[in-house]
Amino acid sequence: MTLQQRLWTRDFLLITTCNLLIFLGFQALTPTLPVYIKQLGGNDFSAGLTISLFTLSAVLIRPLIGKWLDTKSRKAIALISVGILALSTAGFYGLGAVWLILLMRVLHGLGWGAATTSYTTIVSDIIPKNRIGEGMGYFGLSQTLAMAVAPIAGAWLLTEHGFQPLVLTAAVFTAMVLPFTLMTATPSKKMKDGGATAPKTTWFEKRAALPSFLNLFCGITYGGIASFILLFGKEAGIAGIEWFFISNAAAVVLSRPMAGKIFDQKGPAWVLFPSALLMISGLLSLSYATTLFSLNLAAFLYGLGYGSTLSTLLAWTVARVEPRRRGTATGMFISSIDLGIGIGGMLLGYIAAHSSYSAMYRFSSAFPVLLLFLFSYHLWKEKRITCPKVETKDIHHIS
C-alpha cells in the first residue's frame, strides 16, 4: 500500500478528534437547553424555539461557508468557525433571561453550521480518494460516539451541578478543537484545484443535489425518531426506552466501516439498496414493538440502515464533485439533514396527533421507499441498473 493510500494518517486522526470534541460539546449542551429554559419559567413554545432558531441559522450559514471553503483557506475558515462556536457556547454562562438564551442560540447555530461544514470538507481532502467511503464511515463514528455519551453526561451535569458548570464543560471541549486544527496540515488551494483555474463559484453544486435530496428522506425518518421515541415508549408501555439509543448507536458503529469499504469497492448502489430496506424494516418493526426486545431489534435494524445510508450518501457526494467544490457540496448535504429532521418533526408530529405514534412510524417507512424509487430511476437513467463494479476513481462519473 502506498503512502497516498493510507487512511489512518496523523491529519486524519487529528480532524476526527476535532469532530469528536465538537459533537461532545454540542450534544452535552443542546438537549439540556429546553430543560433549563423551563427552569427559568419559559413555556413549551420558547423551549421549542431553541431548536428552531438554531436549525434555521445553521441552514442559512452553510451555503455561504461552503462558498468560502471553496475560495479561501479551509483551515482559516475552520478556525474562525469553531472559535465562534466555542465563544457562543461559553456565552450561555450566566444568562438568566429566556430571550437572551434564544438570541445566543442563533449565534450558536451559525457557529455550528460553519464548523460542521468546515471539518467535513477538510476531512474529505485528507482521505485518500480510493478509500473515501471507508474514511467517511470512520469519521462519522466520532459523531456516533459523542451522541451516545454526551447527552447522558450533560443531563447528569445539569442535575448534579447545575447549568453553568455544564456550559463551561461544553465550551472547554469545543475550545480544545483549536490547537488540534492548528496541528493539522490541510491541502493547499493549488492541490484542491488540481492546478486548474477555478470556475465561478456558486451557492449550488448540481452534482450534490441528488445525494442531498435522497438524504432529506433519511433526515425525515430520523426527525420522527429524535422527536417522538420517548413518547412512543409511553404510548406502547415499554419501560427502558433509553435502550433504543444504545442499540441504535451500536448498529451504526458496526455498519459504517463495512458500508464504507463496500462503497469503495463496488459503488453506492451496493450499499443503498440493502440499507434502505433495513431502514424500512426497522421503522415497521418499531411501529409494532410492544416489548423491550422488539424495541431493541427495531433500533438495531434502523441503525444499520440509517448509519450505512447516511455515510454512503456523504461519501458519494464528495466523490461526485471536484475537490474545489467540496465546500459547497458538503454544505448542501449537511443542510439536507437539518431540513429533513425539521420537516420530519413537524410532518410526523401532525400525523401522530391525528392517529398514533405507531401509525406515524409506519407512515415514515414510506420515505426510504421513495429513496429507493428515486435512486432506481437514477440508475435506470444512467443505464447502471445492473450495478457493475465501479472503481473509486470513476465513482464521480456516476451522476
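Just so you know, glycine gets a Cβ as well, placed from its N, Cα and C.
The annotation domain 'Major facilitator superfamily (MFS) profile' is assigned in TrEMBL to 11-384. The transmembrane segment annotation in TrEMBL covers 12-33, 45-65, 77-103, 109-127, 139-157, 163-182, 213-232, 238-255, 267-289, 295-319, 331-353, 359-380.
Counting only same-chain residues 6+ beyond the ends of the transmembrane segment (238-255), those with a CB under 8 A from a CB of the stretch are 140-141, 144-145, 147-148, 225, 229-230, 232, 275, 289-292, 295-296, 298-308. Within its own chain, the transmembrane segment (295-319) is flanked in space by residues 120, 124, 129, 132-133, 135-137, 140, 144, 208, 211-212, 214-215, 218, 221-222, 225, 233, 236, 238, 241, 243-256, 258-260, 263, 268, 271-272, 274-283, 285-286, 289, 326, 329-330, 332-333, 337, 368, 371, 392, 395-396, 398, which lie at least six positions past its ends and keep a Cβ under 8 Å from the stretch. Averaged across the domain 'Major facilitator superfamily (MFS) profile' (11-384), pLDDT for the predicted model comes to 89. The highest tally of CB pairs under 8 A with the transmembrane segment (163-182), across 45-65, 77-103, 213-232, 359-380, is held by 77-103. Remote same-chain residues near the transmembrane segment (359-380) are listed as 210, 213-214, 217-218, 220-221, 224, 228, 232, 269, 272-273, 276-277, 279-280, 283-284, 286-287, 305, 309, 344, 348, 351-352, 387 (criterion: CB distance under 8 Å, separation of at least six residues from the stretch ends). When Cβ-Cβ distances under 8 Å to the transmembrane segment (109-127) are tallied for each of 12-33, 45-65, 77-103, 139-157, the top count falls to 77-103. When Cβ distances are compared across the two stretches, the transmembrane segment (77-103) makes no contact with the transmembrane segment (331-353), since fewer than 3 pairs at least 6 residues apart fall below 8 angstroms. Recorded stretches compared: 12-33, 139-157, 213-232, 331-353; the one with the most Cβ pairs under 8 Å to the transmembrane segment (45-65) is 331-353. Segment contact is absent for the transmembrane segment (139-157) and the transmembrane segment (213-232), given fewer than three CB pairs below 8 angstroms at sequence separation of 6 or more.
Same-chain neighbours of the transmembrane segment (331-353): 52, 55, 58-59, 62-63, 65-66, 69, 113, 116-117, 120, 204-205, 208-209, 211-213, 215-224, 226-228, 231, 310, 313-314, 317, 359-360, 363-364, counting only residues six or more beyond its ends whose CB sits under 8 Å from a CB of the stretch.
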